[in-house]
Amino acid sequence: MKKIQFFDTTLRDGEQTPGVNFDVKEKIQIALQLEKLGIDVIEAGFPISSPGDFECVKAIAKAIKHCSVTGLARCVEADIDRAEEALKDAVSPQIHIFLATSDVHMEYKLKMSRAEVLASIKHHISYARQKFDVVQFSPEDATRSDRAFLIEAVQTAIDAGATVINIPDTVGYTNPTEFGQLFQDLRREIKQFDDIIFASHCHDDLGMATANALAAIENGARRVEGTINGIGERAGNTALEEVAVALHIRKDFYQAETNIVLNQFKNSSDLISRLSGMPVPRNKAVIGGNAYAHESGIHQDGVLKNPDTYEIITPALVGVDKNSLPLGKLSGKHAFNTRMEEMGYTLSEQEQKDAFKRFKQLADAKKDVTEEDLHALILGQSSESHDAFELKHLQVQYVTGGVQGAIVRIEERDGALIEDAATGSGSIEAIYNTINRLMKQDIELTDYRIQAITAGQDAQAEVHVVIKDDNGTEFHGIGIDFDVLTASAKAYLQASGKSKSTSKQADFEEVK
């Protein structure tokens, strides 16, 4: 039975989703959960792209102990050097080098001839091989590349020392039949491929990312790249949970096994959904809210008699626990910490103390603290602990003619308090106009979403906002509170803080 490696790029390609901006602490939390999930390789980022990305890759490389960590690099020596520096503390570092091979990319983006592309591949793969034992090469836009030239580029990379060849369907163009044939062609034409690991990286523009990844595995790929929940730019990437469960359920067909701990998928999905601000569609395969719901009377009757009648995946297989008992104000520290571990959170001793204190405050306000409340509690603690600005006071009042007014006081990281007031056509607009005055910013609110974390009158509100700055960059913010207006203010303030922080970093890079 063949062994399939899982390569997770949630922290790199997944973060290219508009409005998704993970900070260092969030990325480490996600990486630790991916490690529990059994991911073989974590792509932590693109080290040379920014000082922030470099620090994230470096921190993840130091934190992860049981799987490989890799960084992305172009065919540029400086990129490779920067990746080596970022990954020096990794227990099993790898590097992922890419260069486009399609005619449209070579002509309009790279402005390089085929000969120049081949020479660059040869030089930079050889250069990287001197620094890394595992070198992965990706011919970007492979599925739209001339087949003969693609094979020549792959052979060049292997001859120069590449140990992994990843075939990206960069724009989600291919289909399972074509993609499977491509892997057959590579295995037939490439010389000395026995020790080479072939991989797939599929996008979902035509809705076939998972099917294409499985077609690659069926035709010789031994590594699959993707993200949790399928997040990524445009229509997203291959959803790793779908591939892993498909390989498990249809082991009779694929004859493949993995290192994936399937019952960690629910925790992984929940964590990434909340930190990214991207809700999982209820009809999403494997981990959607409706995945194990049965509306039809005939289906319900069948499932009650024998679940196998309509369920090929049991909820427990992917970590969906329908019988999880809520915690209450009498629950102790041990029970709380145990539940945190079961939910996939790795907290330091101080973080455990802070979280338990917040839990007790929450338990005093709610009869039952559910798993959803606990996710929100940790998310709120994580986001507030590194916010550059903290909401200290909010007052909303009716003015005249339907106009609302808001007074907002915030505390900056250095402890300074600033306060201002503004009006708006409603309470939310008044609050956001006031924050804009305080932050001296002119931004566009592109998305506002509110949801109750649990049912009942004592439910907390979770508000997600997305804002866009002058450069068109989007930033996501989360706010959680029993009061909707306070949660809304927290979310907008967090997104604004991220925008300010990125602006300062950009100014630094410009000066540098």
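Keep in mind that glycine also has a Cβ here, set from the backbone N, Cα and C atoms.
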Which of Asp13, Asp23, Asp420 belongs with His201, His203, Asn237 in the Mn(2+) site listed by Swiss-Prot: Asp13
Site of maximum Cβ density within 10 Å, from binding-site residues Asp13, His201, Asn237: Asn237
DSSP three-state assignment (helix, strand or coil) for His203 (Mn(2+) binding site): strand
Neighbouring C-beta atoms (10 Å sphere around the C-beta of His203 (Mn(2+) binding site)): 26
Segment confidence, the region 'Regulatory domain' (390-512), expressed as mean pLDDT: 87
For the Mn(2+) site built from Asp13, His201, His203, Asn237, further residues of that chain with CB within 8 A of the site's CB center: Thr9, Pro168, Asp169, Thr170, Cys202, Ala209, Glu225, Gly226, Thr227, Gly232, Gly236, Thr238
